[in-house]
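S.K.: Have a look at this one.
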Amino acid sequence: MATSNKLMTMFMSLIFLIHIPYFASSDLRTGFYSNTCPKAESIVRNVMKKALIREPRSVASIMRFQFHDCFVNGCDASMLLDDTPTMLGEKLALSNINSLRSFEVIDEVKEALEKACPGIVSCADIIIMASRDAVALTGGPFWKVRLGRLDSLIANQEDSNNIMPSPRANASALINLFQKYNLSVKDLVALSGSHSIGKARCFSIMFRLYNQSGTGKPDPAIDPDYRRELNKLCPLDVDQNVTGNLDATPVVFDNQYFKDLVGGRGFLNSDQTLFTFPETKEFVKLYSMNQSEFFKAFAEGMLKMGDLKSDKLGEVRRNCRVVNHRHSHLLLETLNREGSYM
Ligand code: HEM
Ligand SMILES: *[C@@H]1O[C@H](CO)[C@@H](O)[C@H](O)[C@H]1NC(C)=O
Ligand SMILES: *[C@@H]1O[C@H](CO)[C@@H](O)[C@H](O)[C@H]1NC(C)=O
Ligand SMILES: *[C@@H]1O[C@H](CO)[C@@H](O)[C@H](O)[C@H]1NC(C)=O
Ligand SMILES: *[C@@H]1O[C@H](CO)[C@@H](O)[C@H](O)[C@H]1NC(C)=O
Ligand SMILES: *[C@@H]1O[C@H](CO)[C@@H](O)[C@H](O)[C@H]1NC(C)=O
């Protein structure tokens with residue numbers, strides 16, 4: 001018995017040392033870490049609270065990660081990987097460069113989790129928990145998240161470039177894109193309500209202020225008073241990194257975003273278009289009048305989007321920015337030395 005215990009211990013420490021990638025079990029579930037890291041959700045929540053106090057916008061910036069992660073090869077934290085000499089990451093993809101921000105908050109969450117339960121909680125799950133918390137902490141709905149994702153071993157900048165929608169997109173293009181992920185028109189409109197918090201750059205709206213669809217004119221759907229405000233914020237010669245609020249209450253998660261769309265005060269073309277197309281307009285109206293309907297649909301949409309799976313091998317990264325070091329040479333050496341026990 002003593003020998004077999006010793007072998008078991010050796011075997012477990014080998015797995016720990018070598019970081020063998022594996023497939024995630026197919027079912028995500030609530031309470032996934034209740035035995036292995038019972039404080040996981042409260043640790044994430046506390047770091048998010050601190051981030052919110054330090055800089056209110058940061059929680060919006062993090063909530064956006066769920067969209068940019070899950071749409072590109074499933075929710076696998078691929079977008080958190082830094083570039084390496086042999087791999088172009090997703091951070092510099094078209095929709096992400098000079099735009100995604102607050103990666104340091106995820107680092108802070110990860111550090112706290114590694115201290116409490118090393119090697120247990122994936123970065124992909126951190127994005128899901130942190131996004132939920134961003135919404136709940138700013139006045140939006142709370143929902144129970146399903147966990148158990150693994151982190152990818154690679155990122156794919158080209159896929160991100162090809163998939164992520166432009167702020168110029170119209171509702172019919174957005175409907176088609178979301179349909180590819182089995183997300184309905186209702187999901188699309190509700191999830192766009194994420195723009196109830198956060199900011200965007202002048203860069204993302206210059207065309208609609210000055211040259212919508214190459215007409216040399218502004219988007220006619222913009223309310224004239226609001227357009228004057230936007231022209232002031234983003235004159236033709238502006239530093240296009242200047243930012244404006246995505247709705248009138250950018251640090252409160254509420255249905256103001258939809259009220260703004262009804263009033264022609266949507267910031268992005270991809271926002272205002274939801275009120276100009278009949279398929280999406282009804283949902284905009286509904287959510288503008290009934291915040292509970294919006295909250296319910298938003299939580300459902302986030303859960304569906306969070307279920308988008310990667311079909312590749314994964315691991316639990318130690319540092320969300322880099323894949324774990326492989327020690328396959330160590331595995332081979334150990335197996336050679338201990339080969340007789342297997
Ligand atoms: C429907 C298609 C969508 C389009 C075309 C779109 C596009 C954009 C753009 C262009 C920005 C501003 C980027 C910049 O100027 O730097 C932005 C910001 C943001 N997006 Fe979206 N988005 C979409 C859907 C979503 C979804 C589904 C979520 C999350 C569930 C989301 C969350 C956010 C948040 C929170 C911000 C503000 C981030 C910050 O303040 O740093 N978006 N989005
Ligand atoms: C919507 O955008 C797509 C893709 O850019 C374009 O082909 C289509 O003509 C647009 N639809 C309308 C009704 O403007
Ligand atoms: C969407 O649903 C269909 C039918 O249930 C399924 O075959 C497909 O894999 C789903 N697609 C995604 C991206 O989940
Ligand atoms: C507007 O866009 C069109 C088509 O992209 C372009 O040919 C034209 O030069 C632009 N006009 C201005 C004023 O930038
Ligand atoms: C925004 O700032 C970044 C550096 O922070 C710079 O590289 C980029 O060119 C700027 N973008 C615009 C549109 O001015
Ligand atoms: C708003 O939506 C909620 C949730 O679906 C529903 O219970 C409620 O009756 C609606 N309120 C109004 C005023 O329609």
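Cβ coordinates are placed from backbone N, Cα and C, and glycine is handled just like the others.
Straight from TrEMBL, here's the annotation block:
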ACT_SITE  H68  active site, proton acceptor
BINDING   D69, V72, G74, D76, S78, E90  Ca(2+) 1 binding site
BINDING   P165  substrate binding site
BINDING   H195  heme b binding site
BINDING   D247, T249, D254  Ca(2+) 2 binding site
DISULFID  C37-C117  disulfide bond
DISULFID  C70-C75  disulfide bond
DISULFID  C123-C320  disulfide bond
DISULFID  C202-C234  disulfide bond
DOMAIN    27-324  domain 'Plant heme peroxidase family profile'
SIGNAL    1-26  signal peptide
SITE      R64  site 'Transition state stabilizer'
S.K.: Could you pull the average pLDDT for the domain 'Plant heme peroxidase family profile' (27-324)?
M.R.: 98
S.K.: Specify the secondary structure state of S78 (Ca(2+) 1 binding site) as given by DSSP, simplified to three classes.
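M.R.: Once the DSSP labels are grouped into three classes, S78 (Ca(2+) 1 binding site) ends up as helix.
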S.K.: Other residues near the Ca(2+) 2 site, CB within 8 A of the CB centroid of D247, T249, D254?
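M.R.: Checked against the 8 Å cutoff, the neighbours are S196, I197, A248, P250, V252, F253, N255, Q256, Y257, D260.
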S.K.: Just going by other Cβ atoms within 10 Å, which of the recorded positions C70, V72, C75, C320 has the emptiest spot?
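M.R.: It is C320 that, of the recorded positions C70, V72, C75, C320, has the fewest other Cβ atoms within 10 Å.
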S.K.: Counting other Cβ atoms within 10 Å of each Cβ, which of the binding-site residues S78, T249 scores lowest?
M.R.: T249
S.K.: Give me the sequence-ordered set of same-chain residues, not including D69, V72, G74, D76, S78, E90, with a C-beta within 8 angstroms of the centroid of the Ca(2+) 1 site's C-beta atoms.
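M.R.: Other same-chain residues near the Ca(2+) 1 site: H68, C70, F71, N73, C75, A77, M79, S152, A155, N156, S160, S310.
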S.K.: Using DSSP and three states only, what is C320 (disulfide bond)?
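M.R.: Reduced to three states, the DSSP call for C320 (disulfide bond) is coil.
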S.K.: Which site among G74, P165 has the most other CB atoms no more than 10 Å from its CB, taking these as binding-site residues?
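M.R.: Of the binding-site residues G74, P165, the highest Cβ count within 10 Å belongs to G74.
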